[in-house]
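Engineer: There's a structure below that I have some questions on.
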């Protein structure tokens, strides 16, 4: 274009208005100017011819420039790509500064087609395809919705085309010969796929309905012979004969026939991925059948809201766990003294005492990766999955070290070996062997603390429990009265209490009313109280609601609508009165709180006592308890001269107590100072640890002990028969009696008893639990910069409510 303008300018046709003549050296004009313009014109003409001849060269150069740009996602394979080394850098011209390029705005992780991330790269777990591979249909993803919509439109249009397309009208060979060929309306015949013939009509002679017609043929040879014969019969000769064209068409019906197969394969793939090995995966690997050997453990980082301030009643266990975290955060504190960091600890104790809750609190405050897995997740239907998952679990732990690994319900995989050689037992033993090797073998795991929880430590393999694997065994038993008070304080925080109630006093009172309760029972009591208050549309929770909740947890649901015959109700009243009076006049019996003849749970009556916080029992104390338990059966016999089935539970308790005294506690002179383990309920007993003669002696002594207790109870209630009758009659009238009613009927109890929180904790040094921390654990979940801690710094203990910094 520049050359053309220069040519026109040289010819004088393109001189702009007002433009002065071209200045020449020396400022000369005239003839010299004309000569200069002729030379310039000659040069421009030569350049224009050259440019016209090199048009193909320019196109090729432009194509090469286009191809020099690497495809998107393959930049690193090209030397001048943005990820590769640049072979030639544009040199900076002297005196010319490069302007800094504006920084590219960061792409959102989920934006753009492709789901975020480069093509060919590994998609993150939030990508819709990764979620779809795990069996999760990502309806909330816009890209997935777009693909789904286009796929649905494609298949919908495909089906619409095949369902509603014009299929023509089928005719027979006879109709074709008589109605079409004989009338001369056929232009040509199209043999489609050698299966049928489509009739094409002569222009202007199309049938009224506008549909084409077709007819089936058996074979091409037969069709050609019949057509030849028919045209000869009709006298169609030479050029008038109908031409036959052979064509092959694909109507797409094969796609429709493949649709059921595709759907079945898709369903099978989805089922495999959502099968036993694919459910509950954590996003590591493909999932499904090809990753059954991968661990299903979860790595928790800042995902748990439970803190140590939410765990109470097990302060000693909390200190142990804090120390394990301190091992990981500040190992130099122990290594300077030559100490080795313990490998792990196992939390044991009855159900509901807070083992898993303590592990959750550790995950919430440890400030190190916390890996959790259940013992049952190691065992699957495939052989060899258990050991493979153990290896993968510890590989994951080493990758995240320092970290804490928690195996919940480890008894599922850690049972004692050598109990039969069944298939499942062999797989469990292989898994246990791999676990033993990973915990303390040649490939020793460093900076990984292993915690485990179980309520069946007696069935665990001894090799698993030895030091070097689980160095510490932390027993978490039912909380004492101080522990229950602390637990009640935790669970009373979110509750809307009556304004007249003080949380401190209420927690202590409830702790004194719930002896033997675990932490889970205490939480259940608080929740039941809130439910009872909501049931009655109360604005807040009062003390009566808590008392009803305790009765609900101990005795079961109150059945006020259950109909009892008058005779049955009278029997129940005298039965419960026998219990109450026997316990009232026996020194070592538990104090009575309430007695009721309203049916609860499985029982027709209910008596609530207040057991002492006691760990050692004498023979006399156990005998008084047996007599109190037999008071109901004795009362029935004294007042009615007959016995009923209502004492079944009482007799079971008495029998268990008698066997425990003789077999376990060595409290019988004839059997001697021996102790045998009593079988647990549900255990299969193949042989007894004592002879038949000893078994017979034990049975005889148990029977004698129970008979002595029964005779003693008969003598007591016969003496106090009038008191039993008073209590029974008042029960029939009021249905529920408390301690004050008993005092009015029988007078004060002749023995001293404790009933308040202060009386129970008297002599223990303090009213509350000791939650102070040792000096070395003040900053248990923080890394120390120096080796020495400033002695004057005061750090609030996490036990008292402070979270991590």
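Cβ coordinates come from backbone N, Cα and C, glycine included.
Here Swiss-Prot flags 1-39 as transit peptide, drawing on similarity to another entry. According to Swiss-Prot, the feature region 'Disordered' maps to 74-127, 760-805. Taken from Swiss-Prot, the feature compositional bias 'Basic and acidic residues' covers 86-101, 776-787. According to Swiss-Prot, the compositional bias 'Gly residues' annotation covers 109-118. The N6-succinyllysine annotation in Swiss-Prot covers 118. Under the heading transmembrane segment, Swiss-Prot lists 144-164, 252-272, citing sequence analysis as support. According to Swiss-Prot, the ATP binding site annotation covers 311, 312, 353, 354, 355, 356, 357, 491. According to Swiss-Prot, the Zn(2+) binding site annotation covers 575, 579, 650, on the basis of similarity to another entry. According to Swiss-Prot, the feature active site maps to 576, an assignment based on similarity to another entry.
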Engineer: In the structure shown, which of the binding-site residues 353, 356 has the fewest Cβ neighbours within 10 Å?
Structural biologist: 356
Engineer: Which of 576, 650 (the recorded positions) has the most other Cβ atoms within 10 Å?
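Structural biologist: When each Cβ's neighbours within 10 Å are tallied, 576 tops the list.
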Engineer: If you take the centroid of the Cβ atoms of 575, 579, 650, the listed Zn(2+) site, which other residues of that chain have their Cβ within 8 Å of it?
Structural biologist: 576, 578, 605, 607, 629, 630, 631, 632, 633, 635, 646, 647
Engineer: Which residue, of the binding-site residues 355, 491, 575, 579, has its CB surrounded by the fewest other CB atoms within 10 A?
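Structural biologist: Output over binding-site residues 355, 491, 575, 579: least Cβ neighbours within 10 Å is 491.
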Engineer: Drop a 10 Å sphere on every Cβ of the binding-site residues 311, 312, 357 and tell me which sphere holds the fewest other Cβ atoms.
Structural biologist: 357
Engineer: Hey, of 575, 576, 579, 650, which of those recorded positions are within 10 Å of residue 356 (ATP binding site), Cα to Cα?
Structural biologist: none
Engineer: Would you mind listing, in sequence order, the residues at least six apart from residue 354 (ATP binding site) in the same chain with a Cβ closer than 8 Å to its Cβ?
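Structural biologist: Same-chain residues close to residue 354 (ATP binding site) (Cβ under 8 Å, separated by 6 or more) are 311, 313, 314, 317, 476, 519.
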Engineer: Taking Cα atoms as reference points, which of the recorded positions 575, 576, 579, 650 is nearest to residue 355 (ATP binding site)?
Structural biologist: 650
Engineer: Of the binding-site residues 312, 353, 357, 491, which one sits closest to residue 650 (Zn(2+) binding site) when you measure Cα to Cα?
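Structural biologist: Of all the candidates listed, 353 is nearest in space.
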Engineer: Using DSSP and collapsing to three states, where does residue 355 (ATP binding site) fall: helix, strand or coil?
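Structural biologist: DSSP call for residue 355 (ATP binding site): helix.
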Engineer: Report, in whole Å, the straight Cα-to-Cα distance of residue 353 (ATP binding site) from the residue listed as 'active site'.
Structural biologist: 32
Engineer: Measure from the CA atom of residue 353 (ATP binding site) to the CA atom of residue 579 (Zn(2+) binding site) and give the result in Å, rounded to a whole number.
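Structural biologist: For residue 579 (Zn(2+) binding site) versus residue 353 (ATP binding site), the Cα atoms are 31 Å apart.
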Engineer: What does the structure give for the C-alpha distance between residue 357 (ATP binding site) and residue 575 (Zn(2+) binding site)? Integer Å is fine.
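Structural biologist: Roughly 42 Å, rounded to the nearest whole number.
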Engineer: At the level of the C-alpha atoms, what whole-angstrom distance separates residue 491 (ATP binding site) and residue 575 (Zn(2+) binding site)?
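Structural biologist: One finds 37 Å between the Cα atoms of these residues.
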